[in-house]
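Peer 1: The structure's right below; bear with me while I get my questions together.
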Amino acid sequence: MVWDIGVVALYLGGMLLLGWYGMRRAKTHEDYLVAGRNLGQGLYMGTMAATVLGGASTVGTVRLGYEYGLSGFWLCGALGLGIIVLNRVLARPLLKLRIFTVTQILERRFTSGAKHVSALVMTAYALMLAATSVIAIGTVMQVLFGLPFWVAVLVGGGVVAVYSTLGGMWSLTLTDIVQFVIKTVGLMFVLLPICLMRVGGWDALVAQLPAANFTLTHIGWGTVITYFVIYFLGILIDQEIWQRVFTARDEGVARVAGTAAGLYCILYGLVGAVIGMTAKVLLPDLDNVNNAFAAIVQVGLPDGIRGLVIAAALAAMMSTASAAMLATSTLVAEDLLPALRGGRSFTDVRVHRGITLLAALCALAIALVVDDVLSALTCAYNLLVGGMLVPLLGAIYWRRATTAGAVASMLLGCALSIAYMLKDGLAANTPVYAALAASATSFVLISLLGPPGASYRDAPVPRSDAR
């Protein structure tokens, strides 16, 4: 255990050091928010993949593998395919806009009112996503080191809060690259081979689990479709992911490196599912399946090696937590607070640091009162997809869309999403489907019934086929 603590402490110290170095590179607010829009393929691929694959993807996929076998990979599979489509289809028009947030596209197409409503929805989503990853960090540190959950949250989440605050996107990019390498080595080249060896190899794993665990549909088609509706579509309009797109030097970087990141996500999902399957063989009677990842690491690995894999898991979780914290602060600084200042945004990096710190503290507070990582993630994506997908895609691709239609779509979609989550539970499929149906219907009907307005005649948003 001493070796494990030493390895993890070294990792956490390294993250803080990289955060300090990133602070030295963040000279302007554009550096702080989007790394100066100057990332090449290597940095872009690493930071994109690290951002997508966070605590819920890691802990959640191992849990799904424990319960459903190989088909547990669909969570990461939907995320990976979403990344590929985003970078090959939407990146080109997005890079032309030179904006900072998802919601600014609504202001360009509609009015500032549409931006403010959407910013509230997106901020709630980003904050919940940050809390989700902090929960995952706390869960792993609690189980493996025997810490009280609140201590684990404050220690792990506190490190993320500090380095995110110091250098913004430059700190996140530098830490993401290191985290990408650590989790690739730790999970794919250390934990997976050792777990397979512990169960006697692949053939022994096949012999000890039902055949259904080796199909890609055991989780159920309904769940697969829901993952695509929530996660695939959610990625297409996710602030933290768009913010990574805005860091690309050009369209070619986004297209090539983004595709590579998406393929990596799919592979990561398969690896996580197999690790969960080995946990099912080695630990068939877990009291809490949410602890499958932490439990297999604790009992399956020797000292020192265990510390490396813990660092890999924390790397996955911290990359998404930091991205969501910065996304939250960017939305507040660029979209919400300027509404109180006559539309004037902040250019002082120190102000952005202060807002990021406040966002991080809010995420830690939420993490202390919510304890189910997959439920929290589902709640966040239900709000995002149910309230934001239709008006955002409509703003880009439908010239007849109006401000009234967009605002009604967002409000009704979010309201129904919340109502159905309260009625049917966070794990139900109905919230996102009901919200999408209401959002799309209200968007189309209200837009068609009202006058076209300037948004239709001017349509300032570049189309995806623009040259």
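Placement of Cβ uses the backbone N, Cα and C atoms for every residue, glycine included.
Remember, TrEMBL labels are computer predictions, not curated facts.
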Peer 1: Select from 72-90, 300-318 the stretch of residues annotated by TrEMBL as transmembrane segment.
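Peer 2: Residues 72-90 are the ones TrEMBL records as transmembrane segment.
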Peer 1: Under 8 Å, at least 3 Cβ pairs, sequence separation 6 or more: does that hold for the transmembrane segment (72-90) versus the transmembrane segment (258-279)?
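Peer 2: Yes, since the transmembrane segment (72-90) and the transmembrane segment (258-279) share at least 3 Cβ pairs closer than 8 Å, they count as touching.
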Peer 1: Is the transmembrane segment (428-449) in contact with the transmembrane segment (180-199), using at least 3 Cβ pairs under 8 Å (sequence separation of 6 or more) as the test?
Peer 2: no
Peer 1: Quickly jot the same-chain residues contacting the transmembrane segment (354-374) by Cβ under 8 Å, restricted to those at least six beyond its ends, or write none.
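Peer 2: Beyond its ends, the transmembrane segment (354-374) has Cβ neighbours at 55-56, 59-60, 63, 127-128, 130-132, 134-136, 138-139, 149-150, 153-154, 157-158, 160-161, 164-165, 168, 290, 321, 324-326, 328-329, 332-333, 337, 346, 426-427.
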Peer 1: Give the nonlocal contacts of the transmembrane segment (219-237) in its own chain as ranges (CB under 8 Å, at least six residues past its ends).
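Peer 2: That would be 52, 64, 68, 71-72, 74-75, 77-79, 81-83, 85-86, 90, 102, 378, 381-382, 384-385, 388-389, 392-393, 429, 432-433, 436.
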Peer 1: Which one of these stretches, 6-23, 147-168, 258-279, 380-398, 428-449, has the most C-beta pairs shorter than 8 Å to the transmembrane segment (405-422)?
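Peer 2: Looking at each of 6-23, 147-168, 258-279, 380-398, 428-449 in turn, the most contacts to the transmembrane segment (405-422) are made by 428-449.
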Peer 1: For the transmembrane segment (147-168) and the transmembrane segment (428-449), decide whether they are in contact, meaning at least 3 CB pairs lie under 8 A, counting pairs 6 or more apart in sequence.
Peer 2: no
Peer 1: For the transmembrane segment (428-449), which partner among 6-23, 43-66, 258-279, 380-398 gives the most CB pairs under 8 Å?
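Peer 2: When the Cβ pairs under 8 Å are tallied, 380-398 comes out ahead.
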